[in-house]
Amino acid sequence: MANKKIRVRYAPSPTGHLHIGNARTALFNYLFARHNKGTLVLRIEDTDTARNVEGGAESQIENLHWLGIDWDEGPDIGGDYGPYKQSERKDIYQKYIDQLLEEGKAYYSFKTEEELEAQREEQRAMGIAPHYVYEYEGMTTDEIKQAQDEARAKGLKPVVRIHIPEGVTYEWDDIVKGHLSFESDTIGGDFVIQKRDGMPTYNFAVVIDDHLMEISHVLRGDDHISNTPKQLCVYEALGWEAPVFGHMTLIINSATGKKLSKRDESVLQFIEQYRELGFLPEAMFNFITLLGWSPVGESEIFSKREFIKQFDPARLSKSPAAFDQKKLDWVNNQYMKTADRDELLDLALHNLQEAGLVEANPAPGKMEWVRQLVNMYANQMSYTKQIVDLSKIFFTEAKYLTDEEVEEIKKDEARPAIEEFKKQLDKLDNFTAKKIMGAIMATRRETGIKGRKLFMPIRIATTRSMVGPGIGEAMELMGKDTVMKHLDLTLKQLSEAGIE
């Protein structure tokens, strides 16, 4: 195996959108392949037809591309080892099912689901771990054939089970976990390799595919550890060498310490959800790669090229990776600060249009206004959809201050500062950020009020917010009419509150 070319695979099931955990598996396999100048194979494992979602494969492929992951072979681009959808490989699987049946390493099982469940219930009652019990124990070959013929005559459809040898230890040196071993009597008995509908089970099909596609390394989540001894059983039955395995730790919710579950609605878990919020693909790539893998040094922001250069599976963590939403927001903010402004404009415009704040085809002048709005908030946003809430003041009619804002203004010498600032603004012909800041400085000179006592009342009176972007830029975008209306309303409200 050491001399073989590196070939890895990412093999999702088309059961829905691309999950954070699956995206991490894809990223680690991608980085491992690119670091070693190897091959990444995309394979669609769609044998569980009951769980398949229409368009699921296409959705996952699109989101993988969005993240910046490409592959060398797959259902969309072909390759020498196809087909790359398991549903198109049934004849291939049947060949090896037949081989194991002919060699006596597998057999037809006619036990019904009801009989199997009754068997499991009985075992639980006895305090025994549920497992399959060989149904032909003590029978001759002729007796087995007769029993199977009678079952077929009754219209029963069989599954195919593989024999689990007794007293065998299945072991491997895991890239992440180290040496692991399972005794054959802990697997649960002879397991199904072909279902009643003729489709192979996961643990059988994956072995056939990995062997025929010459996969050298299998990097996947550690929820697959219990599958590995079953797969090693199939490898041994067919006389094949197994690939190198590496099982990555689970991802946990940093807020709860529990495994990141699709049922946990406190965390967004699908790549498509982050796309809709306006997260950047480079930031998602960066953040997800650091979920369970540690680069050299203290830096947390890396380019794809740097990740490829550094990636070493030996640095995969043995402890669960914590998914921290605030950390993701911070990482995305770092990327937004240096992102192409046209890219941010496109994302934010989509968010504003979706919220009904900007029309579908804005005129050039309106587009320039939106561009200034986006540039103003770019460093403040964790993702572009935040612009909808941050910029509401620019899309609403002049309104009264909130009680909280009134209380804040009462702390300072608000009225004289606001009255003088209104006079200074009234003199302006060109309502630009530079001129507005000049008006604030003139207010300072005329009133002697300075620092927070000057800036906070003016900010609250004009923008209806105690925090925000540069006050001059914000007022320029609001326009003189709106700002003056806000100042008039503020002075009226202060009078009503008895603040002179």
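Cβ coordinates are placed from backbone N, Cα and C, and glycine is handled just like the others.
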Per Swiss-Prot, the range holding motif ''HIGH' region', considering 12-22, 221-231:
12-22
State the residue range annotated as motif ''KMSKS' region' by Swiss-Prot; the candidates are 84-88, 259-263, 309-313, 339-343.
259-263
Apart from its near flanks, which chain residues at least 6 from the ends of the motif ''HIGH' region' (12-22) lie with a Cβ under 8 angstroms of it?
44-46, 48, 51-53, 56-57, 59-60, 63-64, 221, 250-251, 260, 262, 269-272, 288, 291, 323
Neighbour count, 10 Å Cβ-Cβ cut-off, for LYS262 (ATP binding site): what number do you get?
12
